[in-house]
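Participant: Would you mind keeping the following structure in view while I ask a few things?
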């Protein structure tokens with residue numbers, strides 16, 4: 001029984017421990033914060049409680065067993081939540097707590113507390129540092145537990161202490177629920193941004209994503225009802241929202257939302273213009289980027305190279321067919337870095353800016369086509385700028 005009580009004090013701070021802190025940079029690492037001092041105070045109070053022989057042993061064991069069961073449940077939940085937090089961080093979703101949590105788990109092994117030799121609370125934490133972050137997410141700190149010197153009331157403090165421990169576990173659960181809700185809401189928000197940007201271009205990215213996700217694999221098995229549990233419902237919602245976001249982001253990789261030369265100025269737009277050679281109006285089927293000779297040109301989306309070589313007035317040209325059905329062209333290159341049939345990732349180098357073909361000087365002619373017709377690349381670039389933070 002005393003070991004179980006010690007277990008509560010020694011492991012309570014591990015509910016959202018160091019492996020969460022490693023998942024997502026300094027800001028993400030603060031998700032835990034007030035637990036160190038909270039649990040240290042709990043351990044000290046539990047030591048005093050276990051030394052009181054006047055307490056009914058059977059009642060104590062029953063109440064401690066209940067707390068141990070809660071702790072085990074929180075540990076099991078932690079394994080799922082930590083994976084989800086890492087997945088959220090990989091998708092650009094971070095939590096901004098206002099609490100103070102341990103930066104690292106303690107070194108060495110914590111021993112169970114005993115009535116005759118209570119441990120010092122100094123053995124619980126790693127270094128803690130206060131941090132001021134955006135408190136809009138709702139993960140606010142709770143009222144601290146009584147300090148070591150605080151007096152306990154109500155029947156030598158027994159009821160108060162157990163109530164305090166229970167309240168602390170409740171707060172841990174509430175903070176976990178808040179984190180899951182934030183992940184779900186944030187993932188849904190980012191998914192809507194991506195879908196809206198694609199929809200403005202006439203692309204049903206959601207349908208494309210679902211088709212890609214459905215690989216035709218057979219499904220089946222016995223019907224098992226989902227447990228009607230608040231934690232299960234919340235983590236299922238968060239997992240579903242994150243999975244959908246990942247699917248949409250993958251599909252968005254096949255749409256040319258990015259510029260082939262980052263930060264380059266557009267010197268000639270899509271549409272009718274005065275031809276620089278014949279000095280009369282003619283259709284410009286792409287846009288021109290100003291860039292010095294030798295500047296690296298990158299793929300604006302994933303896709304397969306369908307042409308790489310010299311092509312009349314285009315000079316040295318690369319053509320890529322993207323999963324979205326859009327074809328991109330990169331003309332007047334000085335050098336080609338890919339070959340026909342290559343599968344390219346987003347931002348993979350494909351050539352160097354030059355002035356080959358029908359060109360008056362070093363620049364990149366960037367062209368998009370759909371269904372064999374030239375379309376305005378500017379619309380895709382503008383849409384890409386709006387969702388750059390989420391793709």
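Each residue, glycine too, has its Cβ placed from N, Cα and C.
TrEMBL: automatically predicted annotations, no manual curation.
Among the features that TrEMBL reports, coiled coil is placed at 32-77. The feature region 'Disordered' is assigned by TrEMBL to 95-131. Here TrEMBL flags 283-377 as domain 'M23ase beta-sheet core'.
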Participant: What are the DSSP helix/strand/coil residue counts across the domain 'M23ase beta-sheet core' (283-377)?
Facilitator: 4 helix, 52 strand, 39 coil
Participant: Please work out the mean pLDDT for the residues of the domain 'M23ase beta-sheet core' (283-377).
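Facilitator: Value for the domain 'M23ase beta-sheet core' (283-377), mean pLDDT as a whole number: 97.
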